[in-house]
Amino acid sequence: MQHPDSYFMEQAIRLSAKGRPLSPPNPAVGCVIVRDGEIIASGFTQKAGGHHAEIEALTDAERRGVNIEGATVYVTLEPCSHYGRTPPCALALINHRVGRVVAAMKDPNPLVAGKGLAMLEAAGIPTACGVLEEEAWESNRGFFTRMTRGTPWVTLKVGASIDGRTALPNGESQWITGEAARQDVQRLRSESGAILTGIGTVLADDCRLNVRLPGRDPAEIRQPLRVVVDSSLRTPVTARVIGEDGLCLIVCAKADPKRKAELEMRGAEVIELPGSDGRVDLRALVSELGRREVNDLLAEGGATLNGALLDAGLVDEIVVYTAPILIGEGRGMWSVGPYKRLAEAERWAYRSVSRLGEDLCFDLRNQRKD
């Protein structure tokens, strides 16, 4: 039989998923308030600058007219204890005289890091921590990675045939995968702070790299930063990836002043991050995105960029959408190696395999220890 703490924390973790598209750079947190074995109020993180999950749950309780004094609060991350964009959640819980607070895990943010739980304990409110910690970490892996490593969680996404081809030799690729897989890509994009691609993809596809969710009001969708790796600054000023929202970052090794000015006039931001090989320094780029508070980076490049990211050890997760189609000769998913011995090849771990329409989605994780 499942322990009550685990059961209610599981509900809070499920609830937290509702906040993922809008909460960044904050973590997506879920909170449920329980009395006598029943959830009497709940909430999840709102858009940055808005209410945290605990405040949403307290507001929900007031709206329902329920008394939460002495109730148990389950929250997927330790309540904050500092004044940031919003007041401390720990203080709000103290003021409402809750009876107990259960957190899935401590906040790795140095501004919090155990201080929220300590504040509650000092006020005489018993706390517990570590309930479904692994599941809670998974739900906010991007935020926790940025807090501990200083860089975003990097997911490499590929759509391919069963023989590992992403396009015909002439570049035609629309569409290898089906509608269900393509909609899942939109979900991935909506949960990412930035999308990364290379100049080859921009020139070949004139991609927008935006989020398109059927049935959703575009005003309610947080569009990610669009990042183009373009060592020689060849991005056309008419490229659709630039857009009109100021959310396009073009990264080059060296910028021609005139070309840079033209792109910036169109609304793009252009920065130089040169590597020793005359190309963009991808490690420096990922670190820069961490400084810009990007929690989750989704890479949607071609074989060259994908291979460079993998060779640099920058990829945490690979998501491969595989369609039941044989292409034969064509473009590959990535260029890595060559290896002299099989033992040199990097081995990944399957996290899940799921079916999306006629396609399969393989989710793999890097087994490195950071």
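Cβ from N, Cα, C; glycine included.
Of the residues W137, W175, TrEMBL puts just one in the NADP(+) site with G159, T201, D205, S231, G302, A303, T304, L305, N306, G307, A308: W175. For the substrate site, TrEMBL gives S173, L209, R212, E300; the one candidate out of R187, R189, R222, R291 that the record lists there too is R189. Secondary structure at A303 (NADP(+) binding site), taken from DSSP and collapsed to helix, strand or coil, is helix. By the criterion of other Cβ atoms within 10 Å of the residue's own Cβ, the least surrounded of the binding-site residues R189, R212 is R212. There are 17 other Cβ atoms within 10 Å of the Cβ belonging to G307 (NADP(+) binding site). Long-range C-beta contacts of L209 (substrate binding site), restricted to its own chain and to partners at least six residues apart, with a cutoff below 8 Å, comprise R189, I195, T197, P224, R226, V241, E300.
Distance noted between the C-alpha atoms of L305 (NADP(+) binding site) and C80 (Zn(2+) binding site) is 39 Å.
In the predicted model, the domain 'CMP/dCMP-type deaminase' (3-127) shows an average pLDDT of 92.
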